[in-house]
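Undergrad: Per Swiss-Prot, disulfide bond is recorded for Cys52-Cys86, Cys250-Cys281, Cys292-Cys322. Summarising the annotation, Swiss-Prot assigns domain 'Sushi' to 31-88. Swiss-Prot lists Asn125, Asn148, Asn152, Asn182 with the feature N-linked glycosylation site. The feature signal peptide is assigned by Swiss-Prot to 1-18.
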Amino acid sequence: MSALGAVIALLLWGQLFAVDSGNDVMDISDDGCPKPPQIAHGYVEHSVRYQCKNYYRLRTEGDGVYTLNSEKQWINKAVGDKLPECEAVCGKPKNPANPVQRILGGHLDAKGSFPWQAKMVSRHNLTTGATLINEQWLLTTAKNLFLNHSENATAKDIAPTLTLYVGKKQLVEIEKVVLHPNYSQVDIGLIKLKQKVPVNERVMPICLPSKDYAEVGRVGYVSGWGRNANFKFTEHLKYVMLPVADQDQCVRHYEGSTVPEKKTPKSPVGVQPILNEHTFCAGMSKYQEDTCYGDAGSAFAVHDLEEDTWYAAGILSFDKSCAVAEYGVYVKVTSIQDWVQKTIAKN
């Protein structure tokens, strides 16, 4: 085969072939399949189909099939020469959480059930949580980002002081952090990684919801490396199941924490959470399971049974309850989703 004769090499039927100037397919491998036999009054059309690896899916308006035209261009009927992309699958853990896997002490052991869970370590070795929402971005709380920093710290000051792990203690490098413009009332920040993380059984983003899953009574799952009953950070990822609580009851429980002029807060944990239209509460279960210091930044993960997909309904903001208070407080993802999408697109 001359250099002028072969203009493109392609993979057909699992084997390498070449297309010459006459649009004829020639087998250029040593042990390849023979080319298809000819038929009367017909011809062989050369086409390829793009497919994605495990844990990725094809994103295209076409069907992924491209045909070689007379001008030696690979064309899809719907999108022309625009190539498809492989995007990460979200919210489809290989080993989803099983509510029967209860262990004594209230927390539940997680074995790959929450591949979106990241572990963030701030200055002075304080552990907090973060949630992977695509291959390169994570959500966490603004309070987590400001740990051991003054209120005057900037995002550029904060980013180099953080250490982040995904999957099975896989260290990833942080490029930047972005704080919500109203982070004093909307306790949220974004983390951008320097490189996209490969998605696999242990590392997978959770999906962002298209509707509000924070309905009273709905059960969600919260994972994390927060402190245990002995007030020590756990070495193993744990999770709990918690129901969404009535917001009015939650506000009454914290006794006026939304009214700044009250001088004597009466929170059962001595700290007042942010409670407003951007938050919801989840109640402690009858097994006295709860979130605790270090769990903030983790997702309130809801399993949509119809879609068999896991969504982040909220991000844990107030993790100080530790089975003392009845409610943890979460930032609604639907309240911040526009900001998240615009920030990611801008950066």
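The backbone N, Cα and C atoms fix where each Cβ goes, and this holds for glycine too.
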Undergrad: Helix, strand, coil: count each for the residues of the domain 'Sushi' (31-88), based on DSSP.
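TA: The composition, in the requested order, is 0 helix, 19 strand, 39 coil.
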Undergrad: Any idea what the model's mean pLDDT is for the domain 'Sushi' (31-88)?
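TA: Average per-residue pLDDT within the domain 'Sushi' (31-88): 91.
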Undergrad: Among Cys52, Cys86, Asn125, Asn182, Cys250, these being the recorded positions, pick the one whose CA is nearest to that of Asn152 (N-linked glycosylation site).
TA: Asn182
Undergrad: Given the recorded positions Asn125, Asn148, Asn182, Cys250, Cys281, which one's Cα is the least distant from that of Cys86 (disulfide bond)?
TA: Asn182
Undergrad: Per DSSP, Asn148 (N-linked glycosylation site) is which: helix, strand or coil?
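TA: The residue in question, Asn148 (N-linked glycosylation site), is coil (DSSP, three-state).
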Undergrad: Hey, does DSSP put Cys281 (disulfide bond) in a helix, a strand, or just coil?
TA: strand
Undergrad: For Cys281 (disulfide bond), just count the other CB atoms lying within 10 A of its CB, please.
TA: 29
Undergrad: Which has the fewest other Cβ atoms within 10 Å: Asn125, Asn148, Asn152, Asn182, the glycosylation sites listed?
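TA: Each of the glycosylation sites Asn125, Asn148, Asn152, Asn182 was scored by Cβ atoms within 10 Å; lowest is Asn152.
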Undergrad: How big is the Cα-to-Cα gap, in Å, between Asn148 (N-linked glycosylation site) and Asn125 (N-linked glycosylation site)?
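TA: About 10 Å separates the two Cα atoms.
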Undergrad: Quick check for the class: what is the C-alpha distance, in angstrom and rounded, between Asn182 (N-linked glycosylation site) and Cys52 (disulfide bond)?
TA: 39
